[in-house]
Amino acid sequence: MKEITIKMNTAASENVKITDSTPEETGDRVRLKKQLGLLEGVAIILGIIFGSGIFISPSGVMNEAGSVGLSLTMWIMCGMLSMIGALCYAELGTSIPRSGGDYTYLFEGYGPLPAFLYLWDAMLVFVPTTNAIMGLTFANYVIKPFFPDCDNPDQAVRLLAAAVICFITFINCWNVKATTKVQNVFMFTKISALVLIIVCGGVFLSRSEDGFSKFMNPWQGSVTDPGRLAVSVYSGIYSYSGWNYLNFMTEELRNPYVNLPRAIYISMPLVTIIYVLANVAYLAVLTPHDMVTTKAIAVTFGHLAMGSFEWIMPLMVALSAFGGLCVHVMTSSRMCFVGARYGHFPSFLSHINVERYTPTPSLVFLNILSLLMLFTSDVDMLITYSSIVEAFFTMLSVSSVLWSRWKRPNINRPIKVSLWIPITYVIVSLFLIVLPCYVRPFEVGMGVGITLLGIPVYYLCVVWKTKPVWFQNTLKHLTFTIQKLFVSAKEEKEEDIWE
């Protein structure tokens with residue numbers, strides 16, 4: 001048994017002593033450990049992408065596209081766009097092998113203000129919003145079998161969503177390995193659920209007398225309004241979102257130069273194929289009107305296509321949402337952790353639990369923000385609201401590939417994509433960001449407003465260094481309290497030596 005003394009990162013002179021029984025595992029440092037291999041990398045990407053979107057978004061895509069053919073086209077386009085973006089992130093992740101994902105790339109490419117605004121929007125908008133969506137999806141599918149002929153009680157859905165978010169936060173605080181093991185199991189559950197949908201849809205299509213009738217005139221009713229088509233892409237993009245989240249954990253990935261791009265190359269084509277086939281299966285069983293009106297598309301699908309085994313579908317969807325939420329909480333907390341490391345958030349959010357080696361303060365902080373998002377249960381509004389803001393910053397991150405090629409042409413790039421790939425992604429993203437402005441002005445306005453609000457916050461909280469003494473003392477006291485509450489300390493740097 002080895003006794004370790006860690007100096008607390010506050011003005012106080014107290015020390016914390018812990019007992020460490022596995023020094024070979026910790027490496028004698030308070031640092032995030034490299035515990036993730038290729039399988040875990042693929043599981044993280046698939047775990048987030050297959051979290052809940054494919055069981056929600058088909059309704060939104062169909063509602064805005066208007067026809068079977070255009071709906072399927074949108075799903076293919078979303079897959080191709082995500083694959084192009086993922087290729088750019090493979091270059092970014094291997095040329096800047098640090099955790100933090102978009103935040104780190106924006107910081108390196110455009111400086112601290114754009115990086116802070118991304119972190120500001122991520123923490124206030126799309127990270128807690130995504131957690132809330134996955135929690136609400138889990139709750140809706142768990143509760144739905146008890147209320148088959150009526151709407152789920154709103155309060156019950158939100159309370160169950162809150163409970164599962166808190167439980168998953170606890171798992172992530174407890175152990176990274178436990179989280180990844182859970183995720184590996186749930187990855188196969190999610191793929192099994194989608195394969196089950198595809199098989200049942202194929203069987204139903206082959207046995208139904210008019211099964212192919214929906215595909216005979218696939219373009220009937222197609223929407224031509226560019227704004228609505230852009231909104232339909234956002235619904236599809238939400239289902240694909242997560243392809244960049246492994247980049248948030250680069251420092252915890254073994255051999256990232258090899259495993260990061262391989263995980264992306266394996267995951268994205270697989271996701272696109274499964275998603276298109278799943279939508280064909282949905283359309284084989286449900287009419288376009290059914291897809292638009294149902295709030296639990298997989299449950300409705302199971303009721304019509306699976307007979308007495310329909311109970312399997314809500315169970316598997318709930319497990320998929322649970323697994324997706326688990327890995328999303330794990331990856332997004334690293335973005336908060338890195339932002340605090342750079343000084344853009346309070347320093348206590350960059351601390352690590354000295355016993356579990358997990359960023360516990362960041363996890364708890366995100367948990368609180370996610371619970372606040374549960375004050376609304378309008379999932380469609382949350383999807384549009386978060387997707388538009390996230391799409392803007394993803395476009396900015398991809399554009400940093402072009403900026404870096406120009407400003408830093410000689411840095412090491414283990415992976416170097418053709419220039420047409422980031423250029424295509426940026427141009428398409430610009431259209432998708434501008435077009436929905438007149439279709440969903442409220443959601444776009446809220447996103448722009450929150451982003452602009454971050455500018456005075458940046459200058460007030462980050463740039464202004466001569467803050468009043470009372471404020472600095474209060475922050476030091478809060479930091480010390482957080483350290484004692486979560487048994488956390490500042491991350492050890494390479495040059496730091498333990499006493």
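Here the Cβ of each residue, glycine as well, is placed from N, Cα and C on the backbone.
Pulled from TrEMBL, these are the features on record:
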TRANSMEM  36-56  transmembrane segment
TRANSMEM  68-90  transmembrane segment
TRANSMEM  117-143  transmembrane segment
TRANSMEM  155-173  transmembrane segment
TRANSMEM  185-206  transmembrane segment
TRANSMEM  264-285  transmembrane segment
TRANSMEM  311-331  transmembrane segment
TRANSMEM  382-405  transmembrane segment
TRANSMEM  417-438  transmembrane segment
TRANSMEM  444-464  transmembrane segment
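Stretch with the most C-beta contacts under 8 angstroms to the transmembrane segment (155-173), considering only 36-56, 68-90, 117-143, 185-206, 311-331: 117-143.
Outside the transmembrane segment (264-285) by six or more residues, the chain places 42, 45-46, 49-50, 54, 58, 68, 71-72, 75-76, 79-80, 82-83, 86-87, 89-90, 191, 194-195, 197-198, 200-202, 204-205, 208, 211, 214-215, 239-240, 243, 246, 291, 297, 301, 304-305 with a CB less than 8 A from a CB of the stretch. Most Cβ pairs under 8 A with the transmembrane segment (36-56) among the ranges 68-90, 185-206, 311-331 are made by 311-331.
Ranked by Cβ pairs under 8 Å to the transmembrane segment (444-464), the stretches 68-90, 117-143, 185-206 are led by 117-143.
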